[in-house]
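Here is what Swiss-Prot records for this protein:
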BINDING   Gly10, Val11, Pro12, Gly13, Val14, Gly15, Lys16, Thr17, Thr18  ATP binding site
Amino acid sequence: MLGKKVVVTGVPGVGKTTVINGAMERLATEGVAYKAVNFGTFMFEVAKKENLASDRDEMRKLEKDVQKRLQQAAATGIAAMSGEANIIIDTHSTVKTPTGFLAGLPEWVLRELMPDIVVLVETDPDQILMRRLGDASRARDMEGYRAIAEHQEFNRAVSAAYAMYTGCTIKIVRNENFLLEQGIDDLVSVLR
């Protein structure tokens, strides 16, 4: 039997990786194994093997056709992993670029991955803004409340399109301030 393929997404600063890590720890104590894979890191590893990039930032400068091929290679590799295990794919539904929103899972990626579930980790935009302001370790674009709310709304719309294409379900998990355990509980219930 193939493992579950669960895509977990969220805007920068929502705490997506924190919720994923907490859920994986909890599931491990129950004997439910998942492997977490960061889609961008997987792409970079392929690019590095092919001597196309020495760091992740260089990937953005590659020709569009090369980037598409790297995305396809990453999607194929990650999909193959699900034959052996349950997989959490840590990625973004959309990426905000200077020219607009870019789909994080274009058609050629979805065709390979065919996720069972897409999870959107969300919280109130003001909480995300405060987290971003308090995180000196990351170089994130500064956005206001309205821009963060718009990004989360767009993620929902794009995720609905992903569901229409793949037949997957969509789950929204809230990661509210001081309620991390509740967010972890919600993700665990989806992953069981």
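Even glycines carry a Cβ here, placed using N, Cα and C.
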Neighbouring C-beta atoms (10 Å sphere around the C-beta of Lys16 (ATP binding site)): 24
Residues that sit under 8 angstroms from Gly10 (ATP binding site) by C-beta distance, when 6+ apart in the chain: Lys16, His92, Leu120, Val121, Glu122, Asn155, Asn175
Number of other Cβ atoms within 10 Å of the Cβ of Val14 (ATP binding site) across all protein chains: 27
Most crowded position, judged by CB atoms within 10 A, among Pro12, Thr18 as binding-site residues: Pro12
Additional residues around ATP, ordered along the sequence, whose Cβ is within 8 Å of the centroid of Gly10, Val11, Pro12, Gly13, Val14, Gly15, Lys16, Thr17, Thr18: Val19, Val121, Ile128, Arg131, Asn175
Three-class DSSP secondary structure - Pro12 (ATP binding site): coil
